[in-house]
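> Pasting a structure below so you can have a look.
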Amino acid sequence: MTMTFYLIVCVVTVVTSSIHYSYAHYTQQWAVHIPGGAEVADQVASDHGFVNHGLIFEDHYFLSHSGVKKRSLAPNPEKKARLAVDTRVQWASQQKAKRRAKRDLKFHNFRQFQDPKWQYMWYLNRGGGLDMNVIPVWLDGITGKGSVVTILDDGLEKDHPDLIKNYDPMASYDINSHDSDPSPRYDMIDSNRHGTRCAGEVAATSNNSVCALGVAYGAQVGGVRMLDGDVTDAVEARSLSLNPQYIDIYSASWGPDDDGKTVDGPGELATRAFIEGVTKGRKGKGSIFIWASGNGGRDHDNCNCDGYTNSIYSLSISSATEHGNVPWYSEACSSTLASTYSSGAVSERQVVTTDLRHSCTSSHTGTSASAPLAAGICALVLEANPNLTWRDMQHIVVRTARPQHLIANDWQVNGVGRNVSHSFGYGLMDAYAMVKLAKNWITVPEQRKCEIGATDISKPIPAKGLVALELQVSECEGVEILEHVQAKLTIFAQRRGDLNIELTSPMGTRVTLLAHRDNDNSRSGFSYWPFMSVHSWGESPLGTWKLKIHNNGRLMGRATLQNWSLVLYGSKHFLSLPDTNTNDSNISKSTNKFKLFRGFKKNKSKQKILQKFKNQKPYSFSTKGPKTKVKVVFPHSKEPAANALSTTTLSIARNKKLSASSTITSTTTTDFSQPFYAISNNKVRIDDSVVKHYLSFVKNVTITYPVMIPSTDVVVDKKNYKKSQKLKEKSRDINFNHNTKMFAMKTTENPASNELKKADISVWNLTLYGTNTPPAYDEKYRGESAFPETNAEVWDNSIEPSSSWTMNNDPNKKDTLEVEGTENSTASCISFSRSFCLECFPNFVLHNGTCLKRCPEGLYDSANDLNVNSEKNALLSKGKCVPCHYSCRACSGSLDYQCTECYPDAELYSPSVLENYCYPISMMSEVLSTKWYYNIFLFVIVCLSLVFVFLIYFYVKRKPKGYMHIPSDIQEPMNIVDNR
């Protein structure tokens, strides 16, 4: 009986304790509202046996009573009644104990991982913003399930115990040996371990007591063996196009030599594989290509000279060390989108992953280790939202990357307030932020592009000098929010490594497209090479683009800019999610919403942006081509100060009253209205009346203040609102989306998606917070008009209004993707995908995905190539534009003697019918002379003769003198002395 009694007591005690801790209970603490000051409060506390612990806030005091139970399921009615009848007490409340959980990550929960190397995976488990932030994603149950990643490398050890569970044969192939087994070739030094190491970072199995675990340990992983043999254009193309409807992500940690002197990229077939992948892969959503940016930092290499990382179709990933520094091997360039952790100095830790022969390693290094981490994070994102396109993924990376804790001396804030660096891109990838944003992501509009070519450009670049050019972009049809920017340059240089190229956007973002490369002694220059930048992501394309080319060559190191053009990729304005931490999965997609967003970052002040805006005059358009200003600066000359950048027009309109069945559409303008309210409608010219209208709209907003007095009124739950506000404050330095304009939902597959969804609303209210003056309002310009009238001189450089900006006078010409010629870019296509033309009709040529009547300057039709021995001729026989030799302005082939037209500083020389050279004018007199080689021959003969004479002279002079031989049988005569 005694044992039974004690057992019952223990059970009751445990149950009671659990009830006390499970439900809210009343404590000894009280909150009391006592007007009259501290003395009155002390007197009330003393009269009722309470202890006054001080103010909570004005007239509200924190009291406690020792006679009340510390934990009670019911309130104390006696004390409550006594306080209620006291006329000095206006309000009193006994406090309940609430359960609150600390929101730091409890890493002890992950001791369940039995992988022996888990504790050494610092880049995944450090916390505090010093890792890839994947643990919160795993806590949400997202591990990459359903995502398929393939590693393009030297093979994959498919029977590795940490990979065999997630190995996918459908994502694997051996291109080198032409079979389905991607296993690497083993040798004494394990030279083909690279692919197996990269695969382990992505999808190594968790909780199997073997090695480590991958970032997306629930994803499927495959391998393509393609580097262990001759790597050709066809090999690369087959690898990039393997099973594109099944594979989601292609990860590549290789490229051209990182020696600081190579300029190379994908060939014709590989380029087409990229285009086919992004247009047709993943059932039209686009394959995702992730590329390591390169390890040529020690040789001062630049990843913009690598055509794979420099491509708009690849997501280029760089590295950060354990301590957040730039690694010694890292290449800095403007095409890098983001970074992940990898190796660094000798004292810094490296990456843990699988290795050959069923082993494990803690020494995976370089950007080769960074790209697979990014691929794993993208696999997690695709599980959260499988409908993301290849461009959606890049947008999400830009918006969520974290610049904190990364140390570089080139951080800058671009025109829309995002931090960006040549070494780290937009910062460290954040898996949790990417997944949260992806869950509610709205697909971006279709990609559009326009190419603006500079007219009559052929400028010498003096040694130790520079050439500065300006290109005015008055309109870029369909592109209102920039994504990728390409500057395609054709440059002749005596030494290519002496060149330094900078590009500045209309919103003031300056990027280095090419830095000096000490090892590059090539005289090949650049032939229509597309230098790419992502630093202007989200900016407006309209305004003045500035290009500067520095020539650091010696006295005779001449260089010539022969041609350049600007290719702008982007889309129209669209509604995207500004807060990467939102938990609302039912965000309305209707187009009648607009949101308010914060202004630019502190070090990119609103006043500075406002100053740009007030100095601009709205652009007007005519049929004239783009205006180009050229400035050449010679050594020891002073460069004039830059003028204020021209900016874009701002459109602000009031919304009309809409019925429930109204169909909402909007025509968006440029993205320059970001410091202001995100409202846009038809394009209008901005003038004082519009500004006044805007200011009056802002001033009429009612101001409300939070009330701290406790109330029992029914209040709409503000939990999510307050949480999002706090997260915004904490993330003020994180890259947020500033592109908040509306767009009409466009779909071709399901037209019904355009209809607004019905919703029943029972109770709602609207609370507006703001200021008396508009954001970015400058006190200096307060008055009747916030912005003074613009100087009329600005109109001198504008184009006449009244007609749209095109390259011809055809009034019926629709939207074209290229500002090139008079033909529609897709009308002459035999086959095309989205906006990319793949094959053209006869009498047309294919160039950059469009069909043209003739090739642009510096290119020729490959179908007319007279070089029958050219290997390219067989592949490019269908009529594509191929670069001429750098000395030719126009040509019939790729060789130097196939020129048909020369640049202004050269003349055409034809020694025979089939030979046409372009020689510099300064050399033509020597080339045309028929006796110049006789002079050289005579000079050589005279020199050789003199040398011969000197040799004979020295030989004779140094020859020893001869002696006469006297025979031994001849005796000398004897002297006879006469003694007489």
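Using the three backbone atoms N, Cα and C, a Cβ is placed for every residue, glycine included.
TrEMBL does not curate its annotations; it predicts them automatically.
According to TrEMBL, the active site, charge relay system annotation covers Asp153, His194, Ser368. Feature annotation from TrEMBL assigns domain 'P/Homo B' to 443-574. Annotation source TrEMBL lists signal peptide at 1-24. Here TrEMBL flags 932-956 as transmembrane segment.
Surface or core, plus neighbours and distances: that's what I need for these features.
In the three-state DSSP assignment, the secondary structure recorded for Asp153 (active site, charge relay system) is strand.
Long-range C-beta contacts of His194 (active site, charge relay system), restricted to its own chain and to partners at least six residues apart, with a cutoff below 8 Å, comprise Asp153, Asp154, Leu227, Ser253, Ser368.
DSSP assigns Ser368 (active site, charge relay system) to a helical segment in the three-state reduction.
For the domain 'P/Homo B' (443-574), the model's average pLDDT works out to 93.
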> Which numbers of helix, strand and coil residues does DSSP report for the domain 'P/Homo B' (443-574)?
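Secondary-structure breakdown of the domain 'P/Homo B' (443-574): 3 helix, 72 strand, 57 coil.
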> For Ser368 (active site, charge relay system), list the number of other Cβ atoms lying within 10 Å of its Cβ atom.
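So the Cβ neighbour count for Ser368 (active site, charge relay system) comes to 26.
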> Using a 10 Å radius around its CB, how many other CB atoms surround Asp153 (active site, charge relay system)?
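Other Cβ atoms found within 10 Å: 29.
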